[in-house]
């Protein structure tokens with residue numbers, strides 16, 4: 001084997017010798033921010049072709065010099081379609097940086113002798129990117145030969161502007177393959193239209209369109225949000241058939257879906273079968289256990305993660321600290337918090353302080369929690385103060401609650417949750433004037449409490465219940481009879497309605513009526529009617545479950561001998577044999 005030896009002097013000379021000019025050098029220097037050098041190369045070219053002119057014009061756009069780009073364009077001896085498209089694209093991409101440049105792009109577009117689909121699509125996309133959807137739609141309407149890219153650009157334009165109904169109308173009018181379907185499903189998922197996303201996914205398959213990877217991932221996310229386990233299992237099966245289930249990211253999404261649906265067995269099964277686990281996958285299982293109140297299991301997975309050599313990150317510590325908080329593991333939680341920075345080199349953020357404040361507050365150590373907030377290395381946000389206010393409610397610390405509530409109302413004056421928590425504390429102390437003043441303040445600011453909403457999946461259909469609104473469900477009569485029957489059964493075993501969870505200014509009889517029609521009780525009644533015995537009844541709620549419903553569902557699980565899994569805004573509650581997995585600590 002022989003090697004070529006280049007003397008040092010020859011090698012150095014080669015680096016500094018004049019180089020031959022080429023179009024690729026123009027592009028190279030422009031990308032490196034050396035536009036003057038690129039111009040020198042351009043000027044030295046003996047034969048400047050249209051490709052050379054296009055390269056230098058694009059270079060000036062890349063270096064934020066649109067005027068020079070336009071001058072060169074105007075002096076071009078010959079222009080091709082790429083020249084025109086490049087000029088439009090240059091203006092569009094930097095339309096927000098240069099005042100009025102999007103208007104110049106349209107002027108160039110209108111001057112084009114022959115517009116191809118790229119020019120039309122670039123101009124329409126430019127309007128969409130810069131939130132001028134109505135102008136984009138006008139151009140779209142007169143575009144000849146619309147292609148899938150243009151349709152999708154318009155679709156995303158409407159969704160970026162929050163105009164979901166118009167996006168849906170456009171989608172319905174499209175000739176489409178799998179790409180627009182997955183785009184619309186993702187739109188529904190991201191914008192909170194979960195039921196619409198599920199319906200569209202089903203319709204997609206009914207029309208013979210094979211689900212692609214993005215549509216399945218979006219639908220899995222929706223299944224986790226809605227706790228629609230049966231749909232989630234179907235999508236999992238499709239991922240297996242498509243050989244996507246071996247991907248690390250997919251496994252993390254699957255674990256999260258199963259955990260959010262309350263199916264810990266299958267979530268852990270997916271986790272165990274994958275050998276090369278990354279941080280996201282470990283975090284998925286830790287967070288899942290934490291949400292279910294399984295502190296011991298969450299901590300064990302954390303220690304297994306560290307032992308396997310995978311470094312924990314910020315999300316990992318949110319999971320384990322939450323697990324400690326939910327299960328009252330104060331000592332372990334504080335030790336982990338101290339080790340974050342010293343041992344694992346993870347700087348605590350407000351989310352971690354919030355977990356520790358919640359940990360201390362739930363354990364009744366409110367003064368320590370307040371001291372921690374005062375000593376924080378970052379400024380406390382609403383999440384941190386909100387955790388302390390929740391602890392004040394649990395332990396009836398009205399003095400501290402008022403101080404904390406004032407902080408929260410300054411930080412988030414439009415968040416009704418803070419008013420409601422403080423109102424509940426006042427109610428428990430019989431301070432009705434203060435309650436009235438709070439609610440009057442809410443009315444002045446036009447603030448109203450979000451209605452409690454619960455839902456349950458039965459035979460692949462999601463049934464939604466809103467507190468107090470029993471008649472909207474087609475089977476409301478039979479549901480109401482079951483609610484009354486359950487009420488009678490649990491009263492026999494010691495249930496007593498807790499009117500403190502209802503507005504104070506109504507009669508006692510009306511309080512009991514209101515409690516009976518809380519959304520989670522309606523969903524439980526429907527689940528008992530429809531879900532076969534031996535199968536868990538799985539329910540979701542958008543707000544924190546109230547204390548009265550929590551006590552009632554424990555007894556309902558006992559008298560009916562059913563397992564009821566309720567996921568509220570904070571965590572999971574597994575009701576069985578008259579007790580709850582949270583140990584009444586939520």
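Keep in mind that glycine also has a Cβ here, set from the backbone N, Cα and C atoms.
Those TrEMBL annotations? Automatic predictions, nothing curated.
Owing to the predicted nature of the structure, the values given are computational and were not obtained by experimental measurement.
According to TrEMBL:
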DOMAIN    494-586  domain 'DYW'
REPEAT    49-83  repeat 'PPR'
REPEAT    116-146  repeat 'PPR'
REPEAT    147-181  repeat 'PPR'
REPEAT    278-312  repeat 'PPR'
REPEAT    313-343  repeat 'PPR'
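Cβ atoms under 8 Å from those of the repeat 'PPR' (116-146) belong to residues 81, 84-85, 88-89, 91-93, 95-96, 102, 105-106, 109, 153-154, 156-158, 160-161, 163 of the same chain, restricted to positions at least 6 beyond its ends.
Within the same chain, residues 248-249, 251-252, 255-256, 258-260, 262, 264, 267-268, 271, 318-320, 322-324, 326-327, 329, 332, 344, 346, 567, 571-572, 574, 581-583 sit at least 6 positions outside the repeat 'PPR' (278-312) and bring their C-beta atoms closer than 8 Å to a C-beta of that stretch.
Helix, strand and coil counts under DSSP for the domain 'DYW' (494-586) come to 38 helix, 16 strand, 39 coil. Across the repeat 'PPR' (116-146), the model assigns an average pLDDT of 88. Applying DSSP to the repeat 'PPR' (147-181) sorts its residues as follows: 27 helix, 0 strand, 8 coil.
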